[in-house]
2 protein chains.
Amino acid sequence: MQRPYNFSAGPAAIPEEVLQMAAAEMLNWHGSGMSVMEMSHRGKEFISIAEKAEADFRKLLAVPDHFHILFMQGGGLAENAIVPLNLSRGGAVDFVVTGSWSQKSVKEAGKFCDAQTVASDEAQGFTHIPAAAGWKLRDSAQYVHICSNETINGVEFQELPDLATLGSKAPLVIDFSSHVASRPVEWSRVGLAFGGAQKNLGPAGLTLVVVRDDLLDHAMAACPSAFNYRLVADNQSMYNTPPTWGIYMAGLTFDWILRQREGALTGVAALEARNQAKAELLYRAIDGSQLYENRVAHDCRSRMNVPFFLKDESRNQAFLDGAKERGLLQLKGHKSVGGMRASIYNAMPLAGVQTLVDYMQTFEKQA
Amino acid sequence: MQRPYNFSAGPAAIPEEVLQMAAAEMLNWHGSGMSVMEMSHRGKEFISIAEKAEADFRKLLAVPDHFHILFMQGGGLAENAIVPLNLSRGGAVDFVVTGSWSQKSVKEAGKFCDAQTVASDEAQGFTHIPAAAGWKLRDSAQYVHICSNETINGVEFQELPDLATLGSKAPLVIDFSSHVASRPVEWSRVGLAFGGAQKNLGPAGLTLVVVRDDLLDHAMAACPSAFNYRLVADNQSMYNTPPTWGIYMAGLTFDWILRQREGALTGVAALEARNQAKAELLYRAIDGSQLYENRVAHDCRSRMNVPFFLKDESRNQAFLDGAKERGLLQLKGHKSVGGMRASIYNAMPLAGVQTLVDYMQTFEKQA
């Protein structure tokens, strides 16, 4: 039986193969007699799971050796505090605000450092990314923060800024929660990347932090030990008991990603091609219709999160009801913006987007 | 086929029924077409799971209405910082040190407040609980911290201290990570209780905090929002994306606990009776042998974590190898103390302890 297509913004769809494997191994992982959830995190079984997950993540995103990969807890909202606690030294930090998530980040950082918005698209309703040439970067900034994909507003950096060419020596911090592993990362431009796992990588409760080694040692005295990057790194992400199930599920997902093929492409490159095709199909359908609209500038539309509005809002509930009947789930937009949102992460096949587009066109004609 | 008996100190054994249910529902929870891991935490499906979990936990431990139950992340080590950030106001906090965990707690709290050890059994190797009459409690203390069961040292408070009778008005904070839900809690003596789920309640990555309402509003400015008890409480533990799978698994475990029967007893009372019987069986076998010893004073021995030593340490590896052959897993003691440790949490049946005791006696005779 065909499973429904799940467009949740996160926690989000997981590849069916991954779920099948998790169910099959639930009571007895690889002959150990234990569920993964029942293993000591310091035993050889779980250590092998964690080491493979880390190595596979490094491989699939080509993370250079001078970056540490940390498995942490608390999601993006916790990192909004944990990053400044580790990197700001209580000094200046610059934020580019392109939507709800970067707004939250600058507000939270203000508790720990001199957090300043150096560019914002709020006046245009978060439909553009402010041109980098206009960012008012400070020489004193300890780092510059961007949200490289805004889940709620559907705005994505198609290329990461190169701060060096903007005259800044600060490291770039990216919140890549909602598009991690959907496209390659230009690590030469990045100091630190963080993301909750619950969109593209696995279940909620696991956070990935990829941090350049020279940034590990600047934690403020007020940083809780469990969230001190140096301590987490030196203890192979086991300073405190890690979210073992989340690491296991992410590991199965990493393995799934590495096995993906699209023509001659493999892994993340294959997914990127598939994600481009999915996004083009959906945006084309929206732009070509009289009923639906997406307000984001074409050159910064997200490939992962596609918010759209029915010009006749009185039909919103009918749209959602009809979608659910056809097995198209969780399309309701975020409460702060309304309308609809289709999140089409890695686990969403092209066939799912095609089914949505077919439904949207049928629904439009019913008017 | 009989599953092995898993004596891990945590992450620890989960009732087989709970694992079976989790496997069966993996791809399609209650006809929703989604895995629990794929649900938006703000959708009606997951909210029903979280609400039932909270209500069942309140029921099984008889948590009074003037306490909030919070689902958080980071485990006990994170709470060692989060509790003082929320409750200390940067002032005096008193610690009773009865083993490795309370040692860690007082050390971490010292980063945020005037943390002082007011009683310690370190000189006796953590084999006793210092008599409450001798605790040097300060009038200025914002709270008094104890670890009500020390997982590594195997020391357990058989009764919670009544601070009022000791002349203190401070609330009592208990770290009950490793014996939560194994026995009732005298809530009239408690201000706040916290615990990682990975011993008695479910998978690692979920932390339970039970906090009296009047203690919610004292967070320090440096407390990250994601860990501010007031914000977490006001957002029904969804200020940030919660560890949805952990809450689901804990909910299945709560349901399992409520269904337990031991004669006329049900729920936690039934488990307490079973846990007493298991502990008595094991301690009697240790005390009656020439080979094994447990050094903890009889009146404060843990019912959950039973460390023991072979007087002939050269036989340690042979003991572990033979145990594993018989399906008795994860008996190696914590690296900081050596020897053996049998953690016999709620999910361990009496038959598992009997099998261990039989093996210990057979092994002793082989000398």
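In case you wondered, yes, glycine gets a Cβ from its N, Cα and C as well.
Keep in mind that TrEMBL annotations are predicted by a computer and have not been checked by a curator.
Summarising the annotation, TrEMBL assigns domain 'Aminotransferase class V' to A:5-356. Per-residue confidence over the domain 'Aminotransferase class V' (A:5-356) averages out at a pLDDT of 97.
What TrEMBL records for A:ARG42 is L-glutamate binding site. Reduced to three states, the DSSP call for A:ARG42 (L-glutamate binding site) is coil.
The pyridoxal 5'-phosphate binding site annotation in TrEMBL covers A:TRP101, A:THR151, A:ASP175, A:GLN198, A:ASN240, A:THR241. DSSP assigns A:THR241 (pyridoxal 5'-phosphate binding site) to coil in the three-state reduction, placing it in neither a helix nor a strand.
Sequence-distant neighbours of A:LYS199 (N6-(pyridoxal phosphate)lysine) (same chain, 6+ residues apart, CB-CB distance under 8 A): A:ALA9, A:GLY10, A:PRO11, A:ALA12, A:THR151, A:SER177, A:SER178, A:HIS179, A:VAL180, A:MET304, A:SER343, A:TYR345. Among the features that TrEMBL reports, N6-(pyridoxal phosphate)lysine is placed at A:LYS199.
Proximity to chain B (Cβ-Cβ under 8 A) holds for A:GLN198, A:ASN240, A:THR241 out of the recorded positions A:GLN198, A:LYS199, A:ASN240, A:THR241. The Cβ of A:ASP175 (pyridoxal 5'-phosphate binding site) has A:GLY76, A:GLU79, A:TRP101, A:SER102, A:SER105, A:HIS145, A:ILE146, A:CYS147, A:SER148, A:ALA193, A:PHE194, A:GLY195 as same-chain neighbours under 8 Å, each 6 or more residues away in sequence. Here is what falls inside 10 Å of the CA of A:ARG42 (L-glutamate binding site) among the binding-site residues A:GLN198, A:ASN240, A:THR241: A:THR241. Listed in sequence order, the residues of the same chain lying 6 or more apart from A:GLN198 (pyridoxal 5'-phosphate binding site) and placing their CB within less than 8 Å of its CB are A:GLY10, A:PRO11, A:ALA12, A:GLY75, A:ALA204, A:GLY205, A:LEU206. The most densely surrounded of the binding-site residues A:THR151, A:ASN240 is A:THR151 (count of other Cβ atoms within 10 A of its Cβ). Each of the binding-site residues A:ARG42, A:TRP101 was scored by the number of other CB atoms within 10 A of its CB, and the lowest score belongs to A:ARG42.
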